[in-house]
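Visitor: A single structure is presented below for examination.
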Amino acid sequence: MQYSEIMVRYGELSTKGKNRMRFINKLKRNIQAVLSVYPKVHVKADRDRTHVYLHGTDYQPVAESLKQIFGIQNFSPSYKIEKSVPALIEAVQSIMKEVYQEGMTFKITSKRSDHSFELDSRELNQTLGDAVFEAIPNVQVKMKAPDIELRVEIREEAAYISYETIRGAGGLPVGTSGKGMLMLSGGIDSPVAGYLALKRGVDIEAVHFASPPYTSPGALKKAQDLTRKLTKFGGNIQFIEVPFTEIQEEIKAKAPEAYLMTLTRRFMMRITDRIREERSAQVIINGESLGQVASQTIESMQAINAVTNTPVIRPVVTMDKLEIIDIAEKIDTFQISIQPFEDCCTIFAPDRPKTNPKIKNAEKYETYLDVEGLVERAVAGIMITEITPQAETDEVDELIEGLL
C-alpha cells in the first residue's frame with residue numbers, strides 16, 4: 001500500500017486561544033511554501049490538524065521537509081482505505097503483518113467524523129482488534145503506550161489508517177512573532193541565530209554586507225546558500241545585499257586602527273536599522289556570542305548598540321562555540337560556513353581591536369566621516385533577491401576549485 005496523505009498535528013498552537021486559526025493558517029502557508037517543489041501535493045488545514053495530500057508524490061522527501069517546519073508537533077503518514085468494514089479489516093491485517101515483531105503489543109483507536117458509518121467507534125475497535133488476533137494469534141493488547149497503535153479515522157469521503165508518529169520541529173510557525181532583520185555574515189554563528197529566531201516564529205530577512213573587490217563573488221554566493229538552508233524551516237527569504245566598500249575604505253583611511261571594528265559594526269547596525277524601518281520589521285537579529293571575539297565583549301556590544309533604539313536579539317549570546325557548531329551541523333549550514341571565502345568583517349580586521357571601546361571615542365572618530373551620507377548611499381544601493389528552497393545554479397564548488 002502507498003501512503004495517501006500525512007496528518008499534521010500542532011505544537012504550541014493549542015495554547016493560542018482566539019488567535020488559533022491565524023496561527024494555523026500561517027502554518028498552512030509555510031507548509032505550502034516549503035512543499036512547493038512538489039507540484040502534486042495539496043495542503044488543507046482545519047482547527048485540529050493539517051492534511052497534506054500526496055497524490056502519488058513520494059512520501060519520504062515530503063516527510064523530511066515536514067520535520068523542519070516550525071509549528072508542527074508531530075505527523076503521521078496515512079493510508080486511504082475504502083469506507084467499508086471488509087476493506088478496513090483487510091488493511092489492518094496487512095499493516096500488522098508488515099510491522100509486527102515477536103513480543104510487540106498493539107492498540108486500535110477509532111474516530112468517526114461520519115456518524116452514518118455502520119459501526120460506532122467502540123464497535124469498530126472491537127471488530128478490527130478481532131481481525132488482528134485472527135491474523136496474529138499471539139499478539140497482546142496494551143491500552144497505555146503500546147508498541148503499535150493503529151489509528152483509524154472514518155471521514156465522509158473515505159477511511160484512513162495510520163500507525164507511525166514522527167516528531168516535528170516544534171516551535172511556532174514562522175511569521176507569527178513579527179519580523180526581524182538577520183545580520184548574516186557567512187560565518188557559523190549568524191545562520192544559527194537565524195534558525196533560532198525562526199523557531200520562535202520570527203519571519204526573517206537576511207542582510208549581508210558585501211565589499212567587492214575585497215570580498216569575492218564566492219563570499220556572496222556562500223551567504224545566499226546559507227540563506228537557502230534556512231528556507232526549509234518556513235519558506236522563501238528575502239536576501240538583502242548591502243554595498244559596503246566605500247564605508248570600509250573611509251573607515252580604514254580616517255579612523256584609528258583599534259576602532260576599525262567598532263566603527264564598522266556601528267555602521268552595519270545603522271544600515272540594518274534603516275532597512276528594518278523601511279521594510280516594516282520590529283527587531284534586529286545577529287550572531288554575537290559573548291566573549292567569542294574581541295568585538296563581542298559587553299563593552300563592545302554597548303558601543304555598537306548605542307546607534308539604535310531598536311531591540312537587538314542575540315539568540316546565541318550565551319552559547320560556546322561547540323554548542324553553536326552542534327546546531328550548525330544539525331541544520332546543515334556548518335560545511336557552507338567554513339568555505340574559504342572572507343567576508344567584510346575579516347578583510348580589514350585590525351591586529352589589536354579595542355575590546356572595551358568607549359562610546360564617546362567612537363562618536364569622536366565618526367566626526368571624521370560623512371556618516372549620514374555613507375549610510376544613505378549604502379541603503380540606496382541595496383539589492384534584494386528572493387531566496388527559495390531550490391537553487392537556480394550551484395556555483396560554489398566551481399568557485400572553491402578556482403581557489404585551489
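Cβ coordinates come from backbone N, Cα and C, glycine included.
Annotations per Swiss-Prot:
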DOMAIN    60-165  domain 'THUMP'
BINDING   Met183, Leu184, His208, Phe209, Arg265, Gly287, Gln296  ATP binding site
Visitor: Long-range same-chain neighbours of Phe209 (ATP binding site), Cβ under 8 Å, sequence gap at least 6?
Guide: Ser185, Val242, Phe244, Met268, Ile271, Asp343, Cys344, Cys345
Visitor: By DSSP, how many residues in the domain 'THUMP' (60-165) are helix, how many strand, and how many coil?
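Guide: Going through the domain 'THUMP' (60-165) residue by residue, I get 37 helix, 31 strand, 38 coil.
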Visitor: If you draw a 10 Å sphere on the Cβ of Gly287 (ATP binding site), how many other Cβ atoms land inside?
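Guide: So the Cβ neighbour count for Gly287 (ATP binding site) comes to 25.
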Visitor: How many neighbouring Cβ atoms, not counting its own, are there within 10 Å of the Cβ of Arg265 (ATP binding site)?
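Guide: If we count other Cβ atoms within 10 Å of Arg265 (ATP binding site), we arrive at 24.
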Visitor: Around Met183 (ATP binding site), how many other CB atoms lie within 10 A of its CB?
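Guide: By my count, 24.
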Visitor: Among residues Met183, Leu184, His208, Phe209, Arg265, Gly287, Gln296 annotated as binding ATP, what is the maximum Cα-Cα distance? Answer in Å.
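Guide: Across Met183, Leu184, His208, Phe209, Arg265, Gly287, Gln296, the widest Cα separation comes out at 19 Å.
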Visitor: When DSSP is mapped onto helix/strand/coil, what comes out for His208 (ATP binding site)?
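Guide: Once the DSSP labels are grouped into three classes, His208 (ATP binding site) ends up as strand.
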Visitor: By Cβ count within 10 Å, point out the most packed of the binding-site residues listed: His208, Gln296.
Guide: His208
Visitor: For Arg265 (ATP binding site), which of the three DSSP-derived states applies: helix, strand, or coil?
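Guide: The three-state answer is helix.
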Visitor: Limited to the domain 'THUMP' (60-165), I'd like the whole-number average of pLDDT.
Guide: 95
Visitor: What count of other C-beta atoms do you get within 10 angstroms of the C-beta of Leu184 (ATP binding site), across all chains shown?
Guide: 28
Visitor: Need the DSSP three-state call for Gln296 (ATP binding site) to compare against my parser.
Guide: helix
